[in-house]
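Structure first, then comments.
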Amino acid sequence: MSEQAQTARAHWSGRWAFFLVTVGSAVGLGNIWKFPYMTGSNGGSAFVLVYLCCILGIGVPLLMAESMLGRRGQGSPVGSMRVLADEAGATRLWQVIGYIGIVGAFLILSFYSVVAGWVLDYTWQAAEGFKALPKEAFAEAFGALLASPGRLIFWHTVFMAMSALVVLGGVTGGIERANKIMMPALFGILVFLVGYGAVAADLPAAWRFLFHFDPSAINRSVLFAAMGHAFFTLSLGMGAIITYGSYLERDVSIPRTGLAIAGADTLVALLAGLAIFSIVFAQGLEPAAGPGLILQTLPLAFSQMPGGHAVGLLFFVLVVFAAWTSAISLLEPGVSLLNERFDMGRKQAVVVLCSGVWLLGIAVALSFNDWSGFTLFGLGLFDFLDTLTTKIMMPLAGLLIALFAGWTMKRAHVFDEIRMGSRVFVLWYNVVRYLSPVAIVIIFLNVVGVIG
Ligand code: LEU
């Protein structure tokens, strides 16, 4: 790392800023698109219960570990790991954590942006107002979007341009500023939608569906789905948290902020679930509709409900904000690496990175239509990238992070960064040393089909 890059390292304006940007990264399509449909397809409350345990038992400890690595390393995910490996007297091969994260973030963004593009397309439709049509027409409309390379590529391009624009503004002038506007707005809209659910839809039914715990519905597939989702939703193992942590001042408490971030992320997922299922149940729709839940089911509801036009538009704006603040956190790790390694200015780094993601995203968009015959390991490009990143690369990076923080770093250095009461520290430390690695290995074995 050049000395200049090191001394010029930017910092968030305070703990509130770090909290907001990291919640911005964590709260995304994972919370509003994926969590509700996964809950819907995995037995409702059983999934919620396991998911909450995973967030608390694996997610929060790893989120704290990642923030710690970034703050102590003061570099990109790769640079930070090099500094920390040297400090611990360990091999520089640990830099692989940074590389997996950055490559993972690149690959994730290529399909995340295409999905965000669907949401932009629906936001446009919501602005015009969804027409009241029979149920099948909404499924057909979604199918028509997937079958249209032009529309998919257009909205993917718009979304990448929006994300690039924010990251170009820099750490405080771009990322922090965007989050300070969008996150409170997102929260406000969400609370309004839950209120709407209480007044105009069926909030009690949604509440029962999410919180009426029935432990007998917990099975192995619910368990694995919940664990994988805990990683995705907290943006773990993709370099984002290390990078955001590297801009964090030393006086901010990592445990306290980490807990608050995971709490806010979970709250948003649950509120989104309440808002969405209130509408789904009030309209007598199917909660287990799968990935199309918010795109096929909700527009049908919006076309029939009182005030559906305005509520529908607000809902899709909320999803756009969520996706946008997450996408920028996937760009920043790569930008910081290009800056550190190749002395590229922010502008050049953003252009190089975004062009690469954009090109791969075009291939992803085409995988739904013209190139649908092309498969890798039996999967279309979209599913292949999703599986590779969320089921393999992120847990692998998570495992290595737990091993590095728990076993390789000097305990005194870890303690120095985490700085919490010694009993709580010992608890956290043991979770990172034992529980997290074992849990992740179990997910892995399930994914490769050894068990499950
Ligand atoms: N945590 C984000 C979400 O829940 C995803 C991540 C890939 C940035 O959508």
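The backbone N, Cα and C atoms fix where each Cβ goes, glycine too.
Nobody curates TrEMBL annotations by hand; they come from automatic prediction.
It should be emphasised that the depicted structure is a prediction, and the values quoted were computed from it without experimental measurement.
Summarising the annotation, TrEMBL assigns transmembrane segment to 12-33 (among others).
Among the features that TrEMBL reports, transmembrane segment is placed at 45-65 (among others).
Taken from TrEMBL, the feature transmembrane segment applies to 96-120 (among others). Long-range contacts of the transmembrane segment (96-120) within the same chain, counting only residues at least 6 positions beyond its ends with a Cβ under 8 Å from a Cβ of the stretch, are 28-29, 33, 69, 76-82, 145, 152, 154-156, 158-160, 163, 237-240, 242, 295, 316, 319-320, 323-324, 326-327, 330-331, 333-334, 337, 353, 356-358, 360-361, 363-365, 382, 385-386, 388-390, 393-394, 396-397, 400-401, 404.
What TrEMBL lists as transmembrane segment is 153-173 (among others). Within its own chain, the transmembrane segment (153-173) is flanked in space by residues 10-13, 17, 109, 113-114, 116-118, 120-121, 247, 323-324, 327-328, 331-332, 335, 346-347, 350-351, 354, 357-358, 361-362, 364-366, which lie at least six positions past its ends and keep a Cβ under 8 Å from the stretch.
Residues or ranges marked as transmembrane segment in TrEMBL: 185-210 (among others).
Taken from TrEMBL, the feature transmembrane segment covers 222-247 (among others).
What TrEMBL lists as transmembrane segment is 259-285 (among others).
Same-chain neighbours of the transmembrane segment (305-328): 21, 24-33, 109, 112-113, 115-116, 119-120, 122-123, 126-127, 129-130, 159, 162-163, 166-167, 174-175, 178-179, 182-183, 185-186, 189-190, 192-193, 196, 200-201, 235, 268, 275, 279, 282-283, 294, 298-299, counting only residues six or more beyond its ends whose CB sits under 8 Å from a CB of the stretch. According to TrEMBL, the feature transmembrane segment maps to 305-328 (among others).
Per TrEMBL, transmembrane segment is recorded for 349-368 (among others).
Annotation comment: TrEMBL describes 388-407 (among others) as transmembrane segment. Sequence-distant contacts of the transmembrane segment (388-407), counting only residues of its own chain at least 6 positions beyond either end whose CB sits under 8 Å from a CB of the stretch, comprise 62, 65-66, 68-69, 81, 84, 94, 96-97, 100-101, 103-104, 107-108, 228, 231-232, 236-239, 414, 429, 432-434, 436-437, 440-441, 443-444, 447.
Listed by sequence, the residues of this chain that lie at least six past the ends of the transmembrane segment (427-451) yet keep a Cβ under 8 A from its Cβ atoms are 57-58, 61-62, 64-65, 220, 224, 227-228, 255, 391-392, 395-396, 398-399, 402-403, 405-407, 411, 414, 418, 420. The transmembrane segment annotation in TrEMBL covers 427-451 (among others).
Remark: the transmembrane segment (45-65) contacts the transmembrane segment (222-247), by the rule of 3 or more CB pairs under 8 A. Scored by C-beta pairs under 8 angstroms, the transmembrane segment (222-247) has its highest count with 12-33, from the stretches 12-33, 185-210, 259-285, 349-368.
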